[in-house]
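Over in TrEMBL, the protein carries these features:
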BINDING   HIS163, ASP164, HIS167, GLU179  Zn(2+) binding site
Amino acid sequence: MATLLRSALRPLRPLGGRRGPAADVPLRGVRHGAGLLYPGHIPTSPLQKALLAAGSAGMSLYNPYRHDMVAVLGETTGHRALKGLRDQMRKDPEGAEILQERPRISLSTLDLDKLRSLPEGSLGQEYLRFLDVNRVSPDTRAPTRFVDDEELAYVIQRYREVHDMLHTLLGMPTNILGEIVVKWFEAVQTGLPMCILGALFGPIRLSAQSLQVLVSELIPWAVQNGRRAPCVLNLYYERRWEQPLLALREELGITEPPTVHVRGPA
């Protein structure tokens, strides 16, 4: 047990320069040893999951930028929500195709030159601009380890890999304020306890001015759009790179974010 906790609660190595073993291949239900459902899977009992959830929740609240802890929290508390998301995907033609083909979003699967050549304002161009401006990489997403169902493991992996796409769709930066707004949208969309906790407790680190803007303008906007938009996991983004971002927002019912002005750091 102690070894498991140490393994889960230590920082994950950055994946930007070196991908994990399954960073660019579909997750599949193949046995990889006793009790292993997919590459990197760590079988855990309900008690172990509870301890991991408690430890990762504490670390996530202490340091919201511990994405490895956020990942563990999502995996150990999200079983019911993941089943709901999986069922939504199965009922949607595009979502069902994603579940069948298991596409992955990583530097090894993205054609960066093609994305750069796309028309101004296209989803692919705007997504690449988001990555460049915010200096983030899709390869920094932690691999799934503690979900004891290979299909649900893919669902949460897909959620992680489209997170930056949601930032692009919502027009939100990666600062604390932007992350909280995206978490409110994701909480409404997914029902994942991790997203709900991030949405509720993330604001405690905000300045008074940022908190006022968040509560009065940004949260109502995020909740309204989260309720109105169809499940964002049902979008095969890799086939929509050339679609204008504004057209995709209109298709999903996502409105332009409020124009806010916050002095100093959020």
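Cβ atoms here come from the backbone N, Cα and C positions, even for glycine.
The structure displayed is predicted, hence computed values, not measured ones.
Everything TrEMBL records as a feature, shown here on the structure.
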residue	record	Cβ contacts under 8 Å, 6 or more apart
HIS163	Zn(2+) binding site	ARG141, VAL182, GLU186
ASP164	Zn(2+) binding site	TYR127, PHE130, LEU131, VAL136, PRO138
HIS167	Zn(2+) binding site	PHE130, ASN134, PRO173, THR174, GLY178, VAL182
GLU179	Zn(2+) binding site	PRO64, MET172, GLY198, GLY202
Zn(2+) site, defined by HIS163, ASP164, HIS167, GLU179: further same-chain residues with Cβ within 8 Å of the Cβ centre: VAL136, MET165, LEU166, MET172, THR174, GLY178, VAL182
